[in-house]
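What Swiss-Prot records for this protein:
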REGION    1-238  region 'Pyrophosphorylase'
BINDING   12-15, K26, Q79, 84-85, G147, E163, N178, N236, R341, K359, Y374, N385  UDP-N-acetyl-alpha-D-glucosamine binding site
BINDING   D110, N236  Mg(2+) binding site
REGION    239-259  region 'Linker'
ACT_SITE  H371  active site, proton acceptor
BINDING   A388, N394, Y395, S413, A431, R448  acetyl-CoA binding site
Amino acid sequence: MSAIRPAAVVVLAAGEGTRMKSATPKVLHDICGRSLVGHVLAAARELEPENLVVVVGHAREQVTAHLAEIDPAVRTAVQAEQNGTGHAVRMGLEELGGVVDGTVVVVCGDTPLLSGETLRQLAATHTADGNAVTVLTAEVPDATGYGRIVRDGASGAVTAIVEHKDASESQRAVREINSGVFAFDGRLLADALGKVRTDNSQGEEYLTDVLGILREAGHRVGASVAADHREIAGINNRVQLAEARRILNDRLLTRAMLAGVTVVDPATTWIDVTVTFGQDAIVHPGTQLQGTTQLGEGAEVGPNSRLKDTRVGAGARIDNTVAERADVGAQASVGPFAYLRPGTRLGAKAKVGTYVETKNASIGEGTKVPHLSYVGDATIGEYSNIGAASVFVNYDGQDKHHTTVGSHCRTGSDNMFVAPVTVGDGAYTAAGSVITKDVPPGSLAVARGQQRNIEGWVARKRPGSAAAKAAEVASRKPEGED
């Protein structure tokens, strides 16, 4: 184990979070595609700890199930009653056998902006300074309401954490505050937790009392200052949740732009932590990129588009579109106002145009579905053209069925393809056709009734109407006169 690699990280995630006013446990609320506790776990994993323990309590079945999904290797400890942060850490250590040799880092499960880099700095400072405990602190513009860090003027060691209500005027002038994140000597921590008292207004075991116990025993208490005070912000309500989402989104967009991505309007662009970009990708205003979405080199998305778990190939263009679990080939064109549902796969240079919806459809290279169509449960070959207002009728009321259209086909406007049906390579279909039988390669399919004109119908059925009058005037015009 390296000098700064902790023996354990303990994440405190047992609180109810009543100020969120939500049926969802606080630590499971999402920002930028990851739960609050998920962000904390990701930062903690950067330390490569020997053990990672999450202390759960409120809604523990739901939280534990989520943890198993996002990080199966994590261990959980139960704090059945909310008896304070010191008690929660004690439950975490009991999961590890009670005493841990090495450094134990304690973090809060509702601090999604905390970075792995800051935690590494904390662990490194703790080891280098030989501290019994190291407090992660931050200097904030306004420290009102926070516990102040009081240091020894000569050594810089932390002598006390004074709560705002108990602070003197000189102490209230201090802008360095306690984050609630600590690095401890594991053996000293276990011993000190056994000495924490509950004779306070809340009747709880406070983790901060450990600092005083260790200092009074002659051990050094130090501090590591976070470079960005916003990293230590905890989430207690929806306002703070929104602010954290904005900060993290700005961080993600800045990273993308510095890597060669053009974001036209960062204020209206939202991305998840798992989104990736190729160089020279362009993102237009009003765009949301979610989940594992990938934009290839030179791909262009937006404005007003939402993509989730979607791959966009190099040079592809997506405009005013919603796409989920879709795969868009290189130099393909989508939109405006298209909807790519799960299972959509577009080949290179394919086109899905205005007001087109696709689902579980494979559309080949160079094929075009330009207008007002639904393509579901279908395979279309290369360089075919699907006429406007076409519908792939895939559902018979009980089961879904598949339609296959070959390569180099031309289908007329207002076609219905009633699955299961196959249109062979190079075949054409006439406008207005309802295709219910297979069309052989190279054939023209015409599946519509003959047109029948009933002369004088309007005059008989709608006498005196505007249509009847217009028809009467037209009938009096000499042939050939406009």
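Heads up, the Cβ atoms here are built off N, Cα and C, so glycines get one too.
Location within the structure of each feature annotated in Swiss-Prot.
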| residue | record | DSSP (3 states) |
| --- | --- | --- |
| L12 | UDP-N-acetyl-alpha-D-glucosamine binding site | strand |
| K26 | UDP-N-acetyl-alpha-D-glucosamine binding site | helix |
| D110 | Mg(2+) binding site | coil |
| N178 | UDP-N-acetyl-alpha-D-glucosamine binding site | strand |
| R341 | UDP-N-acetyl-alpha-D-glucosamine binding site | coil |
| H371 | active site, proton acceptor | strand |
| N394 | acetyl-CoA binding site | coil |
| R448 | acetyl-CoA binding site | coil |
To the nearest Å, how far is the Cα of N236 (Mg(2+) binding site) from the Cα of L12 (UDP-N-acetyl-alpha-D-glucosamine binding site)?
14
Can you tell which of K26, H371 has the least company, meaning the fewest other C-beta atoms within 10 angstroms of its C-beta, among these recorded positions?
H371
Looking at acetyl-CoA and its recorded binding residues A388, N394, Y395, S413, A431, R448, figure out the farthest C-alpha pair and report it in angstrom, whole number.
22
Cα distance (Å, whole number) from A431 (acetyl-CoA binding site) to A14 (UDP-N-acetyl-alpha-D-glucosamine binding site):
64
Fewest other C-beta atoms within 10 angstroms, as judged across L12, A14, A388, A431, which are the binding-site residues:
A431
Report, in whole Å, the straight Cα-to-Cα distance of N178 (UDP-N-acetyl-alpha-D-glucosamine binding site) from S413 (acetyl-CoA binding site).
68
Can you count helix, strand and coil residues in the region 'Linker' (239-259) using DSSP?
20 helix, 0 strand, 1 coil
Which whole-number value in Å describes the distance between the Cα atoms of H371 (active site, proton acceptor) and N394 (acetyl-CoA binding site)?
19
By a simple count of other Cβ atoms within 10 Å, which of Y374, Y395, the binding-site residues in the record, is least packed?
Y395
Between L12 (UDP-N-acetyl-alpha-D-glucosamine binding site) and A431 (acetyl-CoA binding site), how many Å separate their Cα atoms?
65
Using CB atoms and a 10 A radius, I'd like the single residue among the binding-site residues N178, N236, S413 with the highest neighbour count.
N178
Whole-number Å only: compute the distance from the Cα of R341 (UDP-N-acetyl-alpha-D-glucosamine binding site) to the Cα of A431 (acetyl-CoA binding site).
27
Out of D110, A388, Y395, R448, which of these binding-site residues is nearest G84 (UDP-N-acetyl-alpha-D-glucosamine binding site) by C-alpha distance?
D110
Over all shown protein chains, what is the count of other CB atoms within 10 A of the CB belonging to G84 (UDP-N-acetyl-alpha-D-glucosamine binding site)?
21
